[in-house]
Amino acid sequence: MKLKYELKKTNSGARRGQLQFERGTVETPAFMPVGTYGTVKGMTPEEVKDTGAEILLGNTFHLWLRPGQEIMKLHGDLHDFMNWKGPILTDSGGFQVFSLGATRKITEEGVHFRNPVNGDKIFMDAEKSMEIQKDLGSDIVMIFDECTPYPATHKEAKDSMEMSLRWAQRSRDHFDKQENPNSLFGIVQGGVYEDLRDVSVKGLTEIGFDGYAVGGLAVGEPKEDMHRILEHTCPQLPEDKPRYLMGVGKPEDLVEGVRRGIDMFDCVMPTRNARNGHLFVTEGVIKIRNAKHKTDTTPLDSDCDCYTCKNYSKSYLHHLDRCNEILGARLNTIHNLRFYQRVMSDIRQSIDEDRFEEFVAEFYARMGREVPPLGKES
């Protein structure tokens, strides 16, 4: 079934809502852990759910290459394959193709590239992306687009955005032709150029989608540019449709996105950083492999209710990290994912209670930082 989005409340620019799917309800603003290959690295689905996650992100490109559509169909779909009972959003593969760099060739038809797994020549286009995502059983399907690189000239960004709009129409047409009962999101492109973002928003809303993502950010541009584009773009998006900021980010990036009207986020940062021993806490980041933690018998974060913080000390986590024990990476991941979900839960509660600005001030004060300004000067 198509998602139903209800905007329940706004407070100081932040939006409090609910996404309703056949497979469950997602409270927004929401953070989606990334399960690239059909797994959030090192976690069982039950462990991911216990952190507070209600929706996951799967990777169309990587799941197409391994295990492939036929294996997926043998199981039913991605939910059955990985035993995740909740909703799943899948990206279209556009960003992964963008990341291949010189090994890919982009044409009007689609993208030619070499399979990074075995070197075979393969081709992906809007129609193929829609077919793969239908086989995955994605609750939210993303259109196939080109992620505009940074830096890009105005002409380069314009050409890329216009092609993404044409691919958006092709994605919409093929999605409808397949009679896919789920939801399709458009992706706003245009680089750091406000006039191009305007054209992209206009074109996408004329086509019509179930939600709208802001893409092409967090690809190397200064943080000020990301904030500026969000402040310019979000007010133009339909108020009654969910807004998704792709591939972002640090905890403070989630807060800044919510301040600018974003409802949904995803990022590999909590899981990737966990495996590298960088752990998010109320005051900032702990690097658990630093020697000072060797004799520290306190938990990572006294405010945290995760399994790791309730049962283990920094000293033990430091020991596991220094020994390269798999358990260390797992415990770190549980903590980081729970920290992100706690941030989102606190954001939602503060909006419910009409005190979002106070939450933002407290969030930055705990890290010893000033609240970044909103507006063109930010």
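Every residue gets a Cβ built from N, Cα and C, even glycine.
From the options 9-15, 23-29, 219-225, 247-253, the stretch Swiss-Prot describes as region 'RNA binding' is 247-253.
What Swiss-Prot records for the Zn(2+) site is C304, C306, C309, and among H232, H278, H293, H335 the residue it adds there is H335.
Of the residues proposed, Q18, Q20, Q178, Q189, the one Swiss-Prot records at the same substrate site as D91, S92, G93, G94, F95, D145, G216 is Q189.
Considering only the recorded positions D91, S92, G94, F95, G216, D266 (active site, nucleophile) has D91 as its nearest partner by CA-CA distance.
Below 8 angstroms of C-beta separation, residues 95, 217-219, 226, 265-267, 269, 280, 339-340, 343, 363-364, 367 of the same chain, each at least six residues beyond the ends of the region 'RNA binding' (247-253), sit close to that stretch. If you draw a 10 Å sphere around the CB of S92 (substrate binding site), it holds 30 other CB atoms from the protein chains shown. Comparing the Cα of G93 (substrate binding site) with the Cα of every entry in C304, C306, C309, H335, these being the binding-site residues, the smallest distance points to H335. G93 (substrate binding site) counts 25 other C-beta atoms within 10 Å of its own C-beta, drawing on all protein chains shown.
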